[in-house]
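Here the structure is laid out as structure tokens; the discussion comes afterwards.
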Amino acid sequence: MTTSAPSSTKKAIRNPGGVGGSGSSNGRKDAAASGQTVKFARRTSSGRYVSLSRDDMDLSGEISGDYMNYTVHIPPTPDNNPVDEPIEAQSVAMKAEEQYVSNSLFTGGFNSVTRAHLMDKVIDSAVSHPQMAGAKGSSSCAMPACDGKVMTDERGEDFHPCDCRFKICQECYVDALKDTGNCPGCKEPYRTSADDNDYDGPMEFTKGGAPALPAPSKADHRGLSEPSKSLLLRSQAGSDFDHNRWLFETQGTYGYGNAFWPKGGAGGYGDEDEDEEDGMRCADGMPDTTDKPWKPLTRTIPVPAAIIQPYRLLMLVRFVALFFFLGWRIQHPNEDAVWLWGMSVVCEVWFAFSWILDQAPKLHPINRKTDLKVLKEKFETPTPANPTGRSDLPGVDFFVSTADPEKEPPLVTANTILSILAVEYPVEKIACYISDDGGALLTFEAMAEAASFANIWVPFCRKHDIDSRNPDSYFNIKGDPTRNKRRLDFVKDRRDVKREYDEFKVRINGLPDSIRRRSEAFNAREEIKMMKQKRETGDGLAEPIKVQKATWMADGKHWPGTWAASAPEHSRADHAGILQVMLKPPSSEPLYGLAKEEHLNFSETDTRLPMLVYVSREKRPGYDHNKKAGAMNALVRASAVMSNGPFILNLDCDHYIYNSLAVREGMCFMMDRGGEDICYIQFPQRFEGIDPSDRYANHNTVFFHGNMRALDGLQGPVYVGTGCLFRRFALYGFDPPSVTGYSSRAVAAEPDDIEMQQRPLTAADFDDDLDPNLLPKRFGNSAALAESITIAEFQGRPLADHPAVKYGRPPGALVLPRAPLEPAAVAEAVSVISCWYEDKTEWGERVGWIYGSVTEDVVTGYRMHNRGWQSVYCITERDAFRGSAPINLTDRLHQVLRWATGSVEIFFSRNNALIATRRMKFLQRMAYLNVAIYPFTSVFLVVYCFLPALSLFSGQFIVQTLNVVFLVYLLTISVTLMGLSILEIRWSGVDINEWWRNEQFWLISGTSAHLYAVVQGLLKVMAGIEISFTLTSKSAAEDNEDIYADLYLVKWTSLMIPPITIMMVNLIAIIFGCARTIYSDIPQWSKLMGGAFFSFWVLAHLYPFAKGLMGRRAKTPTIVFVWAGLISITISLLWVSISPPTPSGVAAGGGGAAGGFQFP
């Protein structure tokens, strides 16, 4: 289909004797005799196709103006094979724009013009891949006094816009079009496509040398919602015309919910008898697929009844036992130590409440299974709707965020980017965005180096089916790398790629010095130039010359981001928005390598790379940039304008793709029946570099295997910040289709108005409260962003291949190639990442990642569940993603402190689950309430950890006597807890050692980080004191020979004070209690055993903490002894003041032998 018919086609419509004979009865008879059917199509103002049959048109007279753009197509059949016309290449203007986009660094922001800085080179090293920024032809421009490179095609070979093959660069070509429009070589006019109406003339150049881009308009973003004219013309030329795809485009129009299927056959054009013979029977316009069995993409596997039923029974028994136990404790106070009894009862009541909040959501754990073969069969296998077998899968935009190249090494981020570029998913459906919130040139050039190395790494992974797509992880795998490899050239290729990767790492590691030396050289040149200028003018020779210490790019221009020496408009919190297309969008057809490669032969391998975009949002003083959440929202807007993938997968810079099929497994849930109500797919987090004993429970398997799997049986798991596949439409703040029901709405005024029912959906159709005129209030003033919403919603729907799919799309709707990236779209993307764009909008309040909490991930997921969305937990056989985690005790505690502080903020905000809507299930509400309340348990936990010591010091216990009732209750509660733990280990798959480590670290974090989080949260709520956190360092320790060197580093922090105090007090109390009992006249062994047992329980949980304080060689830090002495002296003085010693004579005279004891 063409967006507007060419002149020859229009003549065919007007001329009765033209092609197709639309106005001639003879033409109709010939068409009928040959079994052909003439179809008419018209593009509406909204960009949709409307098709009419011959009976709907009156062609007896002159065709009205409404039908002037009708296009007549006679599809090729065995009886009618038109002469193959040469496939039209992309128009020269479009090629110029594509190369202009890929070789330009776009900058802009508040009160500044968006400019594109043409770059001769992005990095100092050579660039070979044609998609990469800075890759130009090897030949020089033939124009006098021009040293530019000629334009290139998709293979990087020289492209000549004129038949005379005159070599000309992009800039000179634009100048030639601007001056005369003739070729400088043959002096003949440039021959461009007749349909090339996209080019509106050369771009204007400003004084600064960078062309000022035109202001974005609706016309500039046609590529966002409809294919390019030249691409569609090319797809229809000759034998490449896709008849079935064209039939689908003309027979289906966007309506409420599903695509509109005309009644009376497939498209309403063919004969009903012929459809029955072909097995394509239709009922009420919907294709009948009963002749082919429908297969689901996923299966839900319940936990075996032999495990889950006893688990629920024990849960009920323990709940009843706790109820009676607490009742008995309240009714039987300890009269001798009411203060001790009161504290213990209050703590036990809270613990019971906290246990119910944690345990109740675990009533319905489930497992899930995906079927990748069915996914390939439905979306990548030739069908009547998709005869070419092109991928019908929706697009996916990958988000990677980084902020500080010192704490987040660029090599780690580069490896993550390489794993994304090599993922097993259709190349043309992928776009990767890297958000550099620090605006560092080091990160920029590291990403450019990664894009250059991807030219070798990605085809190597595809050729040899490499499992781990992270080169660092792959080359460090222990074992035989040749296992399951059958190609004879694998060993040679692996050796060559390994050498290239080592050189790549050296280049990345040398970037800081390279940038520093380059900047010093350019700054020295500027200083010499300024001195020369002053000598020529003779002004200010006595004054010292001051040259601003700028940071320079490889092409000799100022870096628009953060400089090494901070300067106005070039600091971490004050710089322009930057956007660079590192790898331009790939072509729709595979691009195989050449056999003449020197080292690697990729002649049978697709060498295309996904689009890669570097983004650094604008930052200015006086604006709240909202940390990671603000960076993510900037990527959401920029990607919506540039690629508009209906799904978004976000990863931290240190989390890479370990399972190349993970995205496909997540897509199985999104594309299955009921997938339209799924807002995100959460994958479990897996970590590398953790010590074998997992001293500080870094793997967190109890949470990821137990709690998250249990929530999957309710409304879905919580969002944990990384490794999550989002539905873009859900991030925009809309309700799910099952709640809105927009596909079932009818037009109240005229229910029979088919034209109204077929009209395109708008954003207002998804939300009753959203006025179309108020779209800028919610999403900002970008028209391109507003237009992309409905497209992303439609493309993200599952296939309408089952009657139960109420909100689906027809098969084959996404097989068309993606439109080329235009400069106007990139300019619009720069505009939407500016610091002012979110002002007076709902970004961060309802749309995108939610602001106001350091745990923006939990809040964002909560908002979606609160609107009625579902989420899914996807556990793959091979880990989907792997990352790094801090194994150092101090770093681990600070990480937990950040999470707990965010939970406290949630509790005191309107995101508290207590005020959730009715759309959230009750048990899901309890789970979110537990997320917000668990830090407050630390207050009661700290008190309870001191109770054994207080009991030993005072000689009292929490109960009057250890009678049978108390012991039976205690035994019942303990046995049921052990039974629940064993059964939970069975259905979750958690190892017993992992469960015990989790219990230990729960007490360690509960007595340290959680307690501080409660204090900080209260200070923020009551006093308005903001909380600032630093990034967790992901760099290795100085001891490079030991990967676990960080485990033994002791970094003092105030978070260690409460656990150290608890350990020392309990140790001293045990010694004191033993001595007191031994030397007492009437020893009370029962109270000693009760207090000592609970003291040992506390010390056993704090053992990993004590081990971490000892360091590598069991050297205890001096601060520990200082605190131990201070605590001992304080406790001794406190005890003497509470219970002063009495003289032995007074004690004897008073007959109070039980009043105390004395050492012999």
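Cβ coordinates come from backbone N, Cα and C, glycine included.
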Feature region 'Disordered' in TrEMBL, mapped to one of the ranges 47-82, 191-226, 371-406: 191-226
Among ranges 337-358, 1085-1106, whichever one TrEMBL labels transmembrane segment: 1085-1106
Which of Lys407, Lys628, the listed binding-site residues, has fewest other Cβ atoms within 10 Å: Lys407
Nearest of the recorded positions (Ser401, Glu408, Asp857) to Lys628 (Mn(2+) binding site) - Cα to Cα: Ser401
Ser401 (UDP-alpha-D-glucose binding site): tally of other CB atoms within 10 A of its CB: 23
Spatially closest candidate among Ser401, Glu408, Asp437, Lys627, the listed recorded positions, to Asp652 (Mn(2+) binding site) (Cα to Cα): Ser401
Annotated UDP-alpha-D-glucose contacts Ser401, Lys407, Glu408, Asp437, Lys627, maximal Cα-Cα distance (Å, integer): 16
Which same-chain residues, if any, lie at least 6 apart from Asp437 (active site) yet have Cβ under 8 Å of it: Ser401, Thr402, Ala403, Ser616, Arg617, His625, Lys627, Lys628, Ala631
Asp857 (active site) to Glu408 (UDP-alpha-D-glucose binding site) - Cα separation in whole Å: 20
